[in-house]
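As recorded in TrEMBL:
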COMPBIAS  1074-1084  compositional bias 'Gly residues'
DOMAIN    22-159  domain 'Globin'
REGION    183-222  region 'Disordered'
REGION    1058-1111  region 'Disordered'
TRANSMEM  691-710  transmembrane segment
TRANSMEM  773-799  transmembrane segment
TRANSMEM  819-840  transmembrane segment
TRANSMEM  861-882  transmembrane segment
TRANSMEM  920-940  transmembrane segment
């Protein structure tokens, strides 16, 4: 149980050396045991982290100035750092790497021996108070020793490497035309200062207008990420930009003379001088004769990542391993020192203050990178072949054994893993197969596999998978593979590949596990608000919209929506669309939200319709003050009208497709629909219907008016010619148009596979619209009319001997047999024309609502007619079988006709007198009348009333949905010029005022609303004083509606009182709860003063005082 090395001890902080710490097995186990007990005593890991945070800063308030990161973020970092260190106490080599990496991240902090002692004593005192007798002497020795080791190592690393890393960071920033703040080399800044693993670079809210200008920064960062991923410009020599290559050629072949000098000078001024490291490297590579060494491109692609992560040993090793796999894909000789020559030449050209220190720093970096890459040279190809051979040799039984044994061994090594692998056996087997495939694919296509693994890691962030489980899973897989083969090379290939995958996943999950993502996993709006309250006001929106890890990103908001964490999603939407302001600028997340997710409306319609109302409510601002009975209202409709490319937004189309009559009546959607309808769609729709109206008028004149002016035998040539012209117009301009319409849509739907089944027959999807069905029936009727057209029938015999003979006559005897059918088809076609005219009801919302109501109750009328037909046929058959002498019921058909007349009130009274002579028949008819006229008719009335009542509340909504469909169908016909004119007239780029002289945000339309329509008593803009820096957090907001917070405060008060009572009774044990920071403050102070009871009392007083101020 004694320490096995004398370099580090419990008393002194060794800053002279940095070696491996070797604790005795018993001491290391005791430290890990006390750490686990401490975590279990807390309400959560976050609460334990805040207890450590409070213990440290309460014991030494002066340390707070060193950390500018929010409390919640800093507490999580304390937890993660200590957990990493303690988990590796049994592995001195890994422990040293972890401590060295953490040391690089603390280079900007002035870590001193006295501060290390303060930190050590605060942590030990906290554990002593929380664990009491369970915190043994051996545990205390172990904690003191490793905390001294960590603190001394930080000081050692800072003294030895700080200057070197600062030189690397400064010169790399200079070489890329960036400021030092744009680069994070691990030790030049304090971590991410709450950026949550680079949650986007968009500085939302920097401009007074809000986020629209700031998201450009995020777009630039995405472009930079693409550049990092190897997407270089158009290439000449060795991926060299063609303009640069041309410049090289000119420089080499330039002749003496004025023209050559002028050309060279012009090129120098404009395009031929590389200004970034990548361009300069390509230039120098071409000049130095390395243009054909394409393997350099792989290192160049990863070089930015290598430089910015030079202080992170694990990340540097991971990047070099991946780089080694990519380089292994190139054939031929690879001389890594050539890259160093080009690199140093490029840096010398770009860094103005280059000196010997720069030479040493960059040579030191390259030597480390070269060593790691060189260690892999020649191995990947052999390992790939061995591993591929192993998997191809496995039969089905062995593969099934692998799937089964992996989980058996994993659950034995890490029983907690069973809580996360709860899927079906087939799903678990699929995961195991995928793991095996990934180990081989990583060798075959490392570039794309790293991207896929990073994306997988971000999904695991959403699943909340602990990174501690990856180690046991890798171990279990390796143990299973070891039983399958004696080939050491194949086993080593599998182990190395799976280990690399595990490291990538662990890193991505660690970087992506932000406090916002953790709050989403808990689906807690309270935790979401607490998490985003830590964000700088300029990046608050991007904390909720982007978690960036390398080139992969995930949106916390979209993840919350897709996983059903709707409470958290609602909290984020409301926060994004809350207008906040300081003296300098307004902050509003509308532009950032829709720039990041242009399809947000569609996503909500499909996955979370309940969140549409909070989103739309957030796009409306109402003034608290009324002037002259009206108040200002700003409708921020920009992204509902115009998309990012300046075209008509699809937001309205998605909302119409959603079919919710209540959402479509939301005030802002009503405004958008009315604007687009009145200024754009109305004219297009009216123009389209004007042609249809003209066609209908021609059809009415030709078929229903002229025929009554004279009989066919008496018509004049002029009248016959006019009729012929009208019918030619109908057949050519209307029938042919409808034929083309239906053939085109039928072909398109069938070709695209868009069909539905009607009477077990496949039908094109466009026929789901009743207007299209009516137009199809009209088309068929017009074709039938054309087929039996009397004028065409009489053409061969137009001048025979019959009354009304002559050109274009239709009175010939040959047309007599088809004249009635023609008139019947004409009558039906006339009804179809007028039925299609119902679309014009869209001009009035009220009329449209009535028409839609009529269509919605037609189903009830259909049921009534079906019941009436059944009763009619039943009684007709019954009375036909009765012996009687009444001629009105002489037969089945006559009986049915008579009963129908009775139902419709069309049977005369004299017939009833005759009916009374036959009592049996009279009784049957009497029962029929009761069933139909009394019961069924009244039932129809009740049904119609019920259907009307159920639809009445949404009647206007359905009418607006109908108008919206017309708008969507009409917009493609709007000319580009007309669209641009209307969109400019909306002046959405101009800022709307919030009050007289108070210039607000762009993207909205201001209207005057009656003061009593939507009473607003609270200012919808949250204004704050104090600092106006975009890097500052917003002051804490008081939420009066959160009753849970009030109950939590009462619980904490009771808990503190119980702790004080236990302390007075001699018990030193407390519990870390929601206010573990206060408890930690007590324990830290007690450890320093030695007067536990006194400090507990003062801590309680401080807690009560703090609670009072917050209330």
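Each residue, glycine too, has its Cβ placed from N, Cα and C.
Whatever TrEMBL says is automated annotation, not expert-curated.
A quick note: this is a predicted structure, and the numbers were derived from the prediction, not measured.
Secondary structure of the domain 'Globin' (22-159) per DSSP (helix as H, G, I; strand as E, B; remaining residues coil): 114 helix, 1 strand, 23 coil. Averaged over the domain 'Globin' (22-159), the predicted model has a pLDDT of 80. Away from its own ends, the transmembrane segment (819-840) comes close to residues 689, 692-693, 695-696, 699-700, 703-704, 771, 774-775, 777-778, 781-782, 784-785, 788-790, 810, 851, 966 of its chain (Cβ-Cβ under 8 Å, at least six residues beyond either end). Within its own chain, the transmembrane segment (861-882) is flanked in space by residues 889, 891-892, 895-896, 899-900, 903, 920-921, 924-925, 927-928, 931-932, 936, 939-940, 943-944, which lie at least six positions past its ends and keep a Cβ under 8 Å from the stretch.
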